[in-house]
Amino acid sequence: MHEQAISHEDVAESDLVTRRGTFRAVAFRADGHEHMAMVYGKTRMRENVLVRVHSECMTGDIFGAMRCECGEQLDAALDAIVREGSGILIYLRGHEGRGIGLVEKVRTHVLQDEQGMDTLDSATALGLPVDTRDYGPAALVLRHLRVRSVRLMSNNPDKIEALESNGIAVAARVPLLMPANDHNIGYLTAKRDRLGHDLPQVDVFESDLPHAVDR
Ligand SMILES: [Zn+2]
């Protein structure tokens, strides 16, 4: 039932020297999008490979937006992989705004800013689904790379389940906690309270606020 392999027409790889070091850049097509797996060190046929499956977020990843923690998580995950000496960051396209796309995501920002809605209500108010992300392409490329099991950097227990249901052995979940601040606290709180993410730093931030009861 799991998709077998990436056909050779849909994959290309080369070395890619980055500020952090030299990765193997594996570009591939799946589900109508072009994705990238950034492979560092030896991961083939290995167990417990440190992996981040990162959902594309242009505002956070490229422009450093502070309303979500995506850009910081991307940096932290790449840093952790290099520190470990091996690992894989899979960058999944078509995941903007948990799958609604960039234009609709920016529309949700308007509702969040002007009406105080959170990340979920602003999507449903526009008639959009809260999360349509598919992790099949991540599983596909992990099989292509012959990874035996992964330690997944994520705060989202559902993501573990999604990978496992796509046939990937997840040996452990490794938290990837970014500091809360005034700009991302609403987003982090919604993720914790309404999407079931494990975000203990949010409690710490809330208890440090003199006006915590008002929030
Ligand atoms: Zn983001």
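From the backbone N, Cα and C atoms, a Cβ is placed for every residue, glycine too.
Curation does not apply to TrEMBL; its annotations are automatic.
Not measured: the values here are computed from a predicted model.
Quick look at what TrEMBL lists:
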DOMAIN    11-175  domain 'GTP cyclohydrolase II'
BINDING   R52, V53, H54, S55, E56, Q73, E96, G97, R98, T119, S154, K159  GTP binding site
BINDING   C57, C68, C70  Zn(2+) binding site
ACT_SITE  D131  active site, proton acceptor
ACT_SITE  R133  active site, nucleophile
Residues near C68 (Zn(2+) binding site) in space but at least six apart in sequence (CB under 8 A): C57, T59, G60, N184, Y187
How big is the gap, in Å, between the Cα of the residue listed as 'active site, proton acceptor' and that of E96 (GTP binding site), rounded to a whole number? 10
Per DSSP, E96 (GTP binding site) is which: helix, strand or coil? helix
Of C57, R98, S154, listed as binding-site residues, which ones have a Cβ less than 6 Å away from ligand 1? C57
So around the Zn(2+) site, C57, C68, C70 aside, which residues have their CB within 8 A of the centroid of those CB atoms? S55, T59, G60, D61, A65, E69, G71, Q73
Hey, what's the Cβ neighbour count for C57 (Zn(2+) binding site) at 10 Å? 22
Would you give the longest CA-CA distance, in whole angstrom, between residues of R52, V53, H54, S55, E56, Q73, E96, G97, R98, T119, S154, K159, the set recorded as binding GTP? 22
Cβ-Cβ neighbours of S154 (GTP binding site) (radius 10 Å): 23
Counting Cβ atoms within 10 Å across all protein chains shown, which of the binding-site residues R52, R98 comes out on top? R52
What does DSSP say about R133 (active site, nucleophile): helix, strand or coil? coil
Three-class DSSP secondary structure - C70 (Zn(2+) binding site): helix
I need the least crowded one of these recorded positions (E56, E96, D131), counting other C-beta atoms within 10 angstroms of each C-beta. D131
Let me make sure I understand the structure: which of the recorded positions listed (H54, R133) has the fewest other Cβ atoms within 10 A of its Cβ? R133
Integer Cα-Cα distance in angstrom, E96 (GTP binding site) to C70 (Zn(2+) binding site): 11
